[in-house]
Amino acid sequence: GERVAQRIRGAADLPKIPIPSVPAFQPSTPIPERLEAVQRYIRELQYNHTGTQFFEIKKSRPLTGLMDLAKEMTKEALPIKCLEAVILGIYLTNNMTTLDRFPISFKTHFSGNYFRHIVLGVNFGGRYGALGISRREELMYKAPVFRTLSELIFDFEEAYRRCWHTLKKVKLGHCVSHDPHSVEQIEWKHSILDLDKLTREDFRKELERHARDMRLKIGKGTGPPSPTKDRKKDVSSPQRGQASPHRRNSRGDRRPSGEKKPADSKAMPDLNGYQIRV
């Protein structure tokens with residue numbers, strides 16, 4: 001064995017292993033074309049059939065830690081599986097602030113066994129699609145052409161049916177932040193839909209309810225896009241904006257943080273000894 005290994009290491013005529021290049025985009029490149037390029041890159045890394053997990057992914061890690069891991073994936077260029085493809089997809093689409101990303105997990109049954117798979121759902125301009133990797137071509141990339149989330153999920157269900165798999169559960173997460181330095185965790189399973197307990201119509205309604213919840217969350221400003229770009233446009237940071245009314249008060253009007261202004265100042269005891277001076 002050692003002689004074989006030395007002979008291989010010393011061989012000068014072995015072809016070099018091609019390393020895929022991370023896609024780079026011009027500002028004018030349309031989002032659908034960017035998604036296709038990201039999917040091509042994920043596909044070029046190839047599916048990991050070795051049985052060895054090259055990258056350990058803990059779903060409980062904050063987003064910034066997962067993005068560091070994704071950067072390592074691009075450097076190592078090793079084969080990946082579906083969960084690694086989702087993390088990589090988030091990393092490679094962080095600068096697409098008009099694109100909503102959310103995880104979609106599937107649980108299927110075939111020949112007495114259960115199987116699990118995950119892709120990265122995307123929404124651009126009201127159209128749904130997906131990024132990912134799989135042993136099956138029809139269970140990974142979906143161009144953003146589906147009018148509703150239910151149409152996208154039903155397309156995956158039909159693809160599973162062609163593989164003789166029965167879809168049992170679908171888990172849907174909320175939109176992922178575009179801030180690569182965010183310390184929040186990805187919400188992997190905001191909605192868990194058990195197809196054995198839902199009628200077809202109820203299943204569709206639950207999918208559309210989840211899509212509506214994501215739109216409302218983004219509309220309230222609690223989801224993407226990243227606040228980094230917005231902060232550059234603002235004159236002051238949110239913290240300064242909150243503190244500015246206190247700066248307009250005179251020195252005598254200042255009071256400890258969180259203390260409510262009394263209805264009758266005469267009824268209050270002398271608190272001069274506890275005043276916070278900045």
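Backbone N, Cα and C atoms are what each Cβ position is placed from, and that goes for glycine too.
Because TrEMBL annotations are produced automatically, they should be read as predictions rather than curated entries.
Features reported for this protein in TrEMBL:
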ACT_SITE  CYS82  active site
ACT_SITE  HIS117  active site
ACT_SITE  SER134  active site
REGION    212-278  region 'Disordered'
COMPBIAS  250-264  compositional bias 'Basic and acidic residues'
Problem set entry | Separation of alpha carbons, HIS117 (active site) and SER134 (active site) (Å) | 8
Seminar exercise, completed: Students should find that the Cβ of SER134 (active site) has, within 10 Å, a number of other Cβ atoms equal to 18
Seminar exercise, completed: In all the protein chains shown, the tally of other Cβ atoms within 10 Å of the Cβ of HIS117 (active site) is 22
For this session: Taking only the Cα atoms, work out how far HIS117 (active site) lies from CYS82 (active site), in Å, as a whole number.
Result: 7
Exercise. In sequence order, what residues of the same chain, 6+ apart, have a Cβ less than 8 Å from the Cβ of CYS82 (active site)?
Worked result: HIS117, ILE118, VAL119, GLY132, ILE133, SER134
